[in-house]
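For reference, TrEMBL has these:
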{"type": "BINDING", "residues": "79, 160", "note": "substrate binding site"}
{"type": "DOMAIN", "residues": "60-186", "note": "domain 'Phosphatidic acid phosphatase type 2/haloperoxidase'"}
{"type": "TRANSMEM", "residues": "81-100", "note": "transmembrane segment"}
{"type": "TRANSMEM", "residues": "106-124", "note": "transmembrane segment"}
{"type": "TRANSMEM", "residues": "144-163", "note": "transmembrane segment"}
{"type": "TRANSMEM", "residues": "169-186", "note": "transmembrane segment"}
{"type": "TRANSMEM", "residues": "198-217", "note": "transmembrane segment"}
{"type": "TRANSMEM", "residues": "251-271", "note": "transmembrane segment"}
{"type": "TRANSMEM", "residues": "283-302", "note": "transmembrane segment"}
{"type": "TRANSMEM", "residues": "314-335", "note": "transmembrane segment"}
C-alpha cells in the first residue's frame, strides 16, 4: 500500500508538471485523447477500419475484430475500478471519470493500430527474389510506419495523463497489455477459419467468466462498480456518466460484434471474391468497400435510447452484431 501510494502521488506530480507547463497544447492533447478513447476506437473500427481491411484481406479484418474484442474484454477484467478522492485536491479534474489500470485507451488503440500496421507491411513485403532496392524501400517503409505508430501511441498516453484521466503507470501497463494481446493473436491461426460453434463458445466464455467474476466480487462484499457511484457524487456533472461508458456496455458491444462476425462468415451467405482477372477483383473489392462505408456511416447515425440499462445493453448487442453481418454477408451478396 505504501509503494502504491508513492506511485500514485508521483503520478500526480507528473500530471501537475504537464498541466502547468504545457497548457498551450491543451486542444491538441484533448484531441489525441479522443483518438484513444475506447468508444471512439470502436466507432471508428466498425464504420471505417473493419470494412476497408476485411475487403482488402479477410484475415486482417477478422483478426482486427478478435483483437479489439479480447483487448477490451481483458481490460474490463484486469482493471480494478477505483477512485482517489485526494486527486481532486492536487490537479485540475473537471470531468466524471473513474480511473482504472491498465488504461483502456492505451490498450485498445495499440491493439487495433498494431493489426493495421502489421497487415499493411504484409501487403508491401517484397518477394524473396526482389531487388536490393525493393528491399531497402520496404525496410524504410517499415521503419517509418512503426515510428509513426509509436509516436501516435505515446502522444495518446501523454494526453491521457495530461487531462488527468490516467496516471503514468496505468498508460504504460495499457501499452504492455495491448502489445501482449496483439502478439498472442499473431500465433492463433484458428480464428481465420473458426466455425459458428467456436464463436458461440467464445461468447459464452466471455459472458460467463465476467458474470461469475462480478458475482464473486459481490460475495466478497466488494462492488466492482462502486466508483461509478463515487463519480456521480463527486463529479462536476453526474449527467456526464453515460451508459455506454459502463463496463457491461462494453461487454455486450464486444460479444455482439464477435457473434455477428461468426454468424456472417458461417452462414453460407458469404460471397467469395470472384475468380478471374485482377481488374475484376479490384473493382469488386472497391465496390464492396464503398457500399459498406456508405451504409455504415448512415447506420452509425442511429442513436439508441438510454432510459434503461437492460434495453440499452440488448440494443448495443444487436447493433454491434448487425455491422459485421452487413459488411461480410449482405453487401457482398448485393454487389454480386
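Positions of Cβ are set from backbone N, Cα and C atoms, glycine also.
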Listed stretch, out of 106-124, 169-186, 198-217, 283-302, 314-335, that has the most CB pairs under 8 angstroms to the transmembrane segment (251-271): 314-335
For the transmembrane segment (169-186): best-contacting stretch of 106-124, 144-163, 198-217, 283-302, 314-335, by Cβ pairs under 8 Å: 106-124
Intrachain neighbours beyond the transmembrane segment (144-163), with Cβ under 8 angstroms and 6 or more residues off its ends: 11, 14-15, 18-19, 22, 25-26, 29-33, 35-36, 95, 103, 105-106, 109-110, 113-114, 117, 120-121, 171-172, 174-175
Contact check, the transmembrane segment (283-302) vs the transmembrane segment (198-217), 3+ Cβ pairs under 8 Å, seq sep 6+: no
Other C-beta atoms that fall within 10 angstroms of the C-beta of residue 160 (substrate binding site): 25
